[in-house]
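**Q** Here's a structure for you.
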Amino acid sequence: MALRFEILGRFNRARAANLTLPHHVCQTPLFMPVGTQGTIKGLATNQLEDIGCQIILGNTYHLALRPTSELIDELGGLHKFMNWPRALLTDSGGFQMVILRYLMHFVVSLLHLADITEKGVTFQSPVDGKPMLLTPEESIQIQNRIGADIIMALDDVVKTTITGPRIEEAMYRTLRWIDRCIAAHKRPKEQNLFGIVQGGLDPVLRDICVRGLVDRNLPGYAIGGLAGGEDKDSFWRVVAQCTAALPEDKPRYVMGVGYPLDIVVCSALGADMYDCVYPTRTARFGTALIPEGVLKLKNKAMADDTRPIDPTCDCMVCKNYSRAYIHCLVTVDAMGSQLVSYHNLYYMMKLSRDLHSSIIEGKFPEFVCEFLQTMFPKGDVPEWVCNAMEVAGIDISSCSHHVVVTR
């Protein structure tokens with residue numbers, strides 16, 4: 001394998017580590033912004049370096065269509081092609097089988113255009129409408145050409161709210177496909193193949209999948225199939241179950257998770273890596289991430305507000321521009337969404353750094369309480385968060401005066 005995972009500090013289940021990849025030494029817990037076609041919309045790669053981005057996620061399927069994996073390979077791989085010196089992760093190039101509120105790790109296509117069989121996934125090309133077959137072997141071959149530090153196995157995904165035999169079928173197919181992915185992987189000394197735990201909300205199926213993947217001794221493991229409409233109580237319980245069963249000495253990646261609160265909870269439960277389009281997608285609608293939650297910059301109240309987005313933030317945007325100025329931009333100019341995207345990703349990178357340092361310094365419970373106190377000043381911390389923190393062994397009684405149910 002082409003990675004080293006060194007745990008530097010712990011608090012109960014939470015851990016801070018150095019993840020050494022071929023192109024970068026990353027500090028976990030970490031958030032990865034999604035750059036579907038080798039770019040984060042509106043931001044240059046040097047800006048991403050400036051804000052502390054460690055890994056960018058690229059979409060295998062879109063890159064394979066345009067500019068093609070063959071061309072990327074010819075031009076020296078995706079790192080060179082997009083001028084990004086740090087780490088990259090590519091998803092499996094699968095398909096989005098359910099319509100989600102936010103994209104998870106699957107490529108965009110419509111369910112009724114996709115046909116899933118043991119051989120792979122057949123779907124219509126969005127470019128010319130022709131049928132295309134994506135097999136586990138082809139997915140890995142494409143990712144080998146693209147050259148990311150971490151590549152994902154092709155899995156069979158169903159919406160977490162579905163019950164019945166389809167969940168079991170998808171889980172066992174995911175295990176069969178991981179063997180085909182391993183056999184097809186030609187660059188194991190340069191690229192790390194992660195398996196993806198499936199099984200819906202069924203603890204028995206999740207356990208079978210975890211044990212099956214761990215038996216393959218992969219460089220890292222992802223928890224997939226979440227952030228798809230399931231209630232938060234089910235969400236955290238799946239994360240808690242999987243992190244408890246996955247190896248201590250390997251990175252754990254919860255796919256499709258991008259809400260700051262979710263990341264803090266999952267980190268307390270022992271997860272290490274996250275990705276989501278949320279911070280940049282919500283920025284394009286004029287919504288900024290702040291410690292209290294979100295700030296809707298399109299609101300009329302922002303029109304004459306001379307404060308920065310977040311007075312406690314040290315990013316370039318908060319140092320130079322007022323809410324009023326950005327309010328003026330977000331409704332009429334692309335520059336507005338670029339500035340909010342920059343701020344939002346800075347916020348996510350700082351959150352990652354704060355999680356890492358608080359665990360190493362033995363101050364993780366204090367960090368969690370301060371985070372929750374700022375987000376829920378009335379003490380109305382959601383019940384699911386309280387339940388998760390109890391399992392994580394973190395006392396949040398000082399910042400949670402009463403509980404509300406949010407399902």
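The count begins at 1 with the first shown residue.
Glycine residues also receive a Cβ, built from the backbone N, Cα and C atoms like all the rest.
For Asp91, the entry in TrEMBL reads active site, proton acceptor. According to TrEMBL, the active site, nucleophile annotation covers Asp275. Residues or ranges marked as substrate binding site in TrEMBL: Asp91, Ser92, Gly93, Gly94, Phe95, Asp155, Gln198, Gly225. Look at TrEMBL and you will find Cys313, Cys315, Cys318, His343 tagged as Zn(2+) binding site. Residues or ranges marked as domain 'tRNA-guanine(15) transglycosylase-like' by TrEMBL: 13-375. Per TrEMBL, region 'RNA binding' is recorded for 256-262, 280-284.
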**Q** Around the Zn(2+) site (Cys313, Cys315, Cys318, His343), what further same-chain residues have their C-beta within 8 angstroms of the site's C-beta centre?
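**A** For the Zn(2+) site the neighbour list reads Pro308, Ile309, Asp310, Asp314, Met316, Val317, Lys319, Tyr342, Tyr346, Tyr347.
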**Q** Whole-number Å only: compute the distance from the Cα of His343 (Zn(2+) binding site) to the Cα of Asp275 (active site, nucleophile).
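**A** For His343 (Zn(2+) binding site) versus Asp275 (active site, nucleophile), the Cα atoms are 17 Å apart.
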**Q** Non-local Cβ contacts of Cys318 (Zn(2+) binding site) (under 8 Å, 6 or more apart, same chain)?
**A** Pro308, Ile309, Asp310, Pro311, His343
**Q** Whole-number Å distance between the CA of the residue listed as 'active site, nucleophile' and the CA of Gly225 (substrate binding site)?
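**A** Roughly 13 Å, rounded to the nearest whole number.
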**Q** Which of these recorded positions has the least crowded Cβ, counting other Cβ atoms within 10 Å: Asp155, Asp275?
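**A** Lowest Cβ count within 10 Å among the recorded positions (Asp155, Asp275) is Asp275.
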**Q** Do you know the DSSP helix, strand and coil residue counts for the region 'RNA binding' (256-262)?
**A** 3 helix, 0 strand, 4 coil
**Q** Distance check, please: Cα of Asp155 (substrate binding site) against Cα of the residue listed as 'active site, proton acceptor', rounded to an integer number of angstrom.
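**A** Taking the Cα atoms only, Asp155 (substrate binding site) lies 10 Å from the residue listed as 'active site, proton acceptor'.
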**Q** Between the Cα atoms of Gly225 (substrate binding site) and Cys315 (Zn(2+) binding site), find the distance and write it as a whole number of Å.
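**A** That separation, Cα to Cα, works out to 33 Å.
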**Q** Measuring Cα to Cα, how many angstrom lie between Cys313 (Zn(2+) binding site) and Gly93 (substrate binding site)?
**A** 36
**Q** If we check Cα distances from Cys315 (Zn(2+) binding site), which of the recorded positions Asp91, Ser92, Gly93 wins as closest?
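**A** Closest by Cα distance to Cys315 (Zn(2+) binding site) among the recorded positions Asp91, Ser92, Gly93: Asp91.
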